[in-house]
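Novice: Annotation source TrEMBL lists domain 'Major facilitator superfamily (MFS) profile' at 1-405. Taken from TrEMBL, the feature transmembrane segment applies to 28-50, 57-77, 83-104, 116-136, 142-161, 222-242, 254-278, 285-303, 315-337, 349-372, 378-399.
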Amino acid sequence: MFDAMDVGLLSFVMVALAREWGLSQGQVGIAISAGLFGMFVGAAASGTLADRYGRRAVLMGTLLLYSVATGLTALAWGYGALLVLRFVTGLGLGGELPVASTLVSEVAPAKHRGRMVVLLESFWAYGWILAALIGFLVIPQYGWRVAFLIGALPALYVLVLRRGLPESPRYLIQKGRHEEARRAAARLGVDPGEPGPDEGAEAAGGGGLKTLWSAGYARRTFMLWVLWFGMVFSYYGIFTWLPQILAGSGRDLATSFGFVLLITLAQVPGYFSAAYLVERWGRKGTLVVYLLGCAVAALFFGLRGLSADASGAELVFWGSLVSFFNLGAWGVVYGYTPELYPTGSRGSGAGWAAGVGRTGGIAGPYLVGVMIGVPGLGAVAVFSMFAAVLVVIAANVWLLGEETRGRPLDEISGKQLVS
């Protein structure tokens, strides 16, 4: 939730900053991309660190890093300082998300694993709603610096995690720390299990990138990297620019931010509907339907929702459908990704997929900034591009993805190793 609040806050802050500092559209895009470049580095590094030092320690460290950096951004004295601080914030933010989903996937029972991870990710929607409320109520009245100070509050949550969050029993077993695994499992109320068929074979193979691109996992890795790139490209390209696009259409800040708040509310039913369907339709079916739904909604949002003669209700309707389908798909992606790798490489697999995805997040906002500054291009061209990308990644999942619904993690990874 706090992670989404940070990302959401930036999209609102940049509207105010662009006016206060006289930033061009290109500079706004670079500022957004600076944080996403940090997320790329943080995601790739944190997965490897989580496989080596544990999920718990890396989760707390990344959460603390991004919270402190967000608070320091309130003191930014110029554009250069803003870029540096956004990069550092991105290091922590990018590192936290894949480690959290990996931890949950390892402690959840197979029957409910997908739903539990999707519900975990639903807190992203609450973070965005909170960011929209801050953008609507705080920034116009008190300024963008106060918004960043509010964004530093998650640092206090590290104290809660330190006292209440045990290490993943699967990770401890994979490291041979069986007594600690039993204690952690008892605290969580789960069965620690036994080392699966992936443990010894994967340890012998060395793990990390070598395992991700081995014969057993290369297809999965390729599918996930394409999926993550397209998802992050479309998500950050759309939502980090949405307040700016609305404000640039002649609406005042309060009205623009109010529309974004209404659109953001649709993320909540998007997550919960995906959580319901993911254990009925499966990961592949749910993900493909939501990606295609988002593609159609994005196309009509550009064609009708953002047209000059569109009413506020029409804008909110198509924007809400984009929000509903995109965030529902995200919940499935975070649950699906760690399922496809063995314990010793699960953090690396999720981290590298998220890291590669962040390169799409760098490209998306920057490209939108360039496109809306070119005469003759505008919302229709931008959202048609996003619709095309979403169709491509839906086809990628349908053709290359593997269904994991209801299957134990050891069976999923063990099958690949012997195939």
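Including glycine, each Cβ sits where the backbone N, Cα and C put it.
Unlike curated records, TrEMBL annotations are generated automatically.
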Novice: Summarise the model confidence on the domain 'Major facilitator superfamily (MFS) profile' (1-405) as a single mean pLDDT, whole number.
Specialist: 85
Novice: Looking at the stretches 28-50, 57-77, 222-242, 285-303, which one shares the most CB pairs under 8 Å with the transmembrane segment (254-278)?
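Specialist: Out of the listed stretches, 285-303 contacts the transmembrane segment (254-278) most.
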Novice: Counting only pairs at least 6 apart in sequence, do the transmembrane segment (285-303) and the transmembrane segment (349-372) share 3+ Cβ pairs under 8 Å?
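Specialist: Answer no, regions not in contact.
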Novice: Let me check one thing: do the transmembrane segment (222-242) and the transmembrane segment (28-50) come into contact, meaning three or more Cβ pairs under 8 Å with sequence separation of at least 6?
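Specialist: Answer yes: the transmembrane segment (222-242) meets the transmembrane segment (28-50) with 3 or more Cβ pairs below 8 Å.
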Novice: Which range wins on Cβ pairs under 8 Å with the transmembrane segment (116-136): 57-77, 83-104, 142-161, 315-337, 378-399?
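Specialist: Going through each listed stretch, the top one turns out to be 315-337.
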Novice: Run the contact check on the transmembrane segment (349-372) against the transmembrane segment (57-77): 3 or more C-beta pairs under 8 Å, excluding pairs closer than 6 in sequence.
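Specialist: When sequence-distant Cβ pairs are counted, the transmembrane segment (57-77) does not touch the transmembrane segment (349-372), since fewer than 3 lie under 8 Å.
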Novice: With contact taken as 3 or more Cβ pairs under 8 angstroms (pairs 6 or more apart in sequence), are the transmembrane segment (83-104) and the transmembrane segment (142-161) in contact?
Specialist: no
